[in-house]
């Protein structure tokens, strides 16, 4: 019950000026909150109506981003493999030159 929430006494015949101002201030605050909420909901609905496929494209974008990240992480070479490859190539080169003689 709104009258219980705002401590309004329904049987009271007259209210003082400060009590009426408080009640009006509460009403304006509630009205502004309701208008803002309704505007936000209408704005969201308008966006959804303007671009109904937005959710699909957002999901597609996230899926493609995950795929790109997966493929990029696949090509990462550990740092220790570079000196190992250089040493292996040098050893292989010396081996072939020794076998050739």
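Using N, Cα and C of the backbone, Cβ positions are placed for all residues, glycine too.
When TrEMBL is compared with the stretches 58-78, 79-99, the one noted as transmembrane segment is 79-99. Tertiary neighbourhood of the transmembrane segment (79-99): none, as no same-chain residue meets a CB-CB distance under 8 Å with a gap of 6+ residues from either end.
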